[in-house]
Amino acid sequence: MNLTELKQKPIAELLEMSDAMGLENMARSRKQDIIFALLKKHAKSGEEISGDGVLEILQDGFGFLRSADSSYLAGPDDIYVSPSQIRRFNLRTGDTIIGKIRPPKEGERYFALLKVDSINFDRPENAKNKILFENLTPLFPNERMKMEAGNGSTEDLTGRVIDLCAPIGKGQRGLIVAPPKAGKTIMLQNIASNITRNNPECHLIVLLIDERPEEVTEMQRTVRGEVVASTFDEPPTRHVQVAEMVIEKAKRLVEHKKDVVILLDSITRLARAYNTVIPSSGKVLTGGVDAHALEKPKRFFGAARNIEEGGSLTILATALVETGSKMDEVIYEEFKGTGNMELPLDRKIAEKRVFPAININRSGTRREELLTSEDELQRMWILRKILHPMDEISAIEFLIDKLKQTKTNDEFFDSMKRK
């Protein structure tokens, strides 16, 4: 019996299973309580149960395996991990653990971890001699992540425009600057599907902070990756806890030389949550931002890096502008210089219903010569020289019009050469 498989089943199927096993009055229970009751029943019959989750170590020294399906929220189906196991395997918050579990004994409330089978998708003995994330050497991104699918569809236009004006590499720290209703959510969906298609070796996590519940559902259905969310009706402490769990998980995977991509929507809302949660220092910046409030969101964003020893952590975060809030402007200004790739979306272009609404002249990647070939770089510069005299709207319209006539960017460059 596997705990994760049960969590992925719809509630109707779980109720049928509980009826078949003779469990009564389950119809009005929460999903986690139904799973808890089912596993307890299975364990009584002597079956082996396996479970997995991401470790969160509490101040008392013990920890719990939280589930990504419930966005790392504490629940009755969490798995208890004892302090002795944490010391023995040198575990830290964010480690992904798979192992055998046992049902709670008399007076216990949680399932407990019996045996560790794997840590961060690797053998437990390999986890002991890994280097800490803080001690790894950061580099500029030097391995390209292509965004174009090459099928010539209209959905592929976003990826192709990004490839032309702001190429993304493994370990990029990118900021998507977006006014309201400029199509940032659709753009993130496109980027997510292109990453899973072109770079299946990357572990993708989409982190939605303070978003609408219907957008979370849509993202879960369109993205073939892990979607972790804290909707706008949750308290700010919850936003902060979710973000910390995600970044810790990503760091632990990078320590095992994995490539991780986090798409964050949005860093502005995360900074607002931290501003509410941290104790007041008495120093307040314009717009009501506490002087120390942005330290942790900066630490989150600054974790993105390409690692010399192997592995990388890429973070693409959206920053909200033109919302009419002074606080949002201050937060954006603080993050403006920290990224090494910027992709501004333009409200005027979006109002004309031209998508993707990217402002090409202002977008770009630092040290893009490390990601592109000499020949491609020259072509991209020539394209910028052609588009620069135009205003934002006519530049993107001209580019989209020309891109629609070809299937791939290479074909587009060849047609440019002929002209």
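Every residue, even glycine, has its Cβ placed from backbone N, Cα and C.
Per Swiss-Prot, the feature domain 'Rho RNA-BD' maps to 48-123; the stated evidence is sequence analysis.
Positions annotated as region 'RNA-binding 1' by Swiss-Prot: 61-66. Within its own chain, the region 'RNA-binding 1' (61-66) has Cβ neighbours under 8 Å at 51-55, 72-74, 78-83, 86, 91, 93, 97, 110, 113, 245, counting only residues six or more beyond its boundaries.
The ATP binding site annotation in Swiss-Prot covers Gly169, Lys170, Gly171, Gln172, Arg173, Gly174, Lys181, Ala182, Gly183, Lys184, Thr185, Ile186, Arg212. Look at Gly171 (ATP binding site): DSSP puts it in coil. The number of other Cβ atoms within 10 Å of the Cβ belonging to Gly171 (ATP binding site), over all protein chains shown, comes to 26.
Across all of the region 'RNA-binding 2' (284-288), the predicted model scores a mean pLDDT of 90. As annotated by Swiss-Prot, region 'RNA-binding 2' applies to 284-288, with the evidence given as sequence analysis.
When secondary structure is read from DSSP and collapsed to three states, Lys326 (site 'RNA-binding 2') falls in the helix class. Over all protein chains present, the Cβ of Lys326 (site 'RNA-binding 2') has 13 other Cβ atoms lying within 10 Å. Taken from Swiss-Prot, the feature site 'RNA-binding 2' applies to Lys326, supported by sequence analysis.
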Under 8 Å by Cβ from Thr185 (ATP binding site), same chain, sequence gap 6 or more: Glu215, Met219, Asp265
Alpha-carbon spacing, Lys326 (site 'RNA-binding 2') to Lys181 (ATP binding site), which is rounded to whole Å: 19
Lowest local Cβ density among Arg173, Lys181, Arg212, which the record lists as binding-site residues, within 10 Å: Lys181
Tertiary contacts of the region 'RNA-binding 2' (284-288) (same chain, 6+ residues out, Cβ under 8 Å): 275, 325-330
Residue distribution over DSSP helix, strand and coil in the domain 'Rho RNA-BD' (48-123): 6 helix, 33 strand, 37 coil
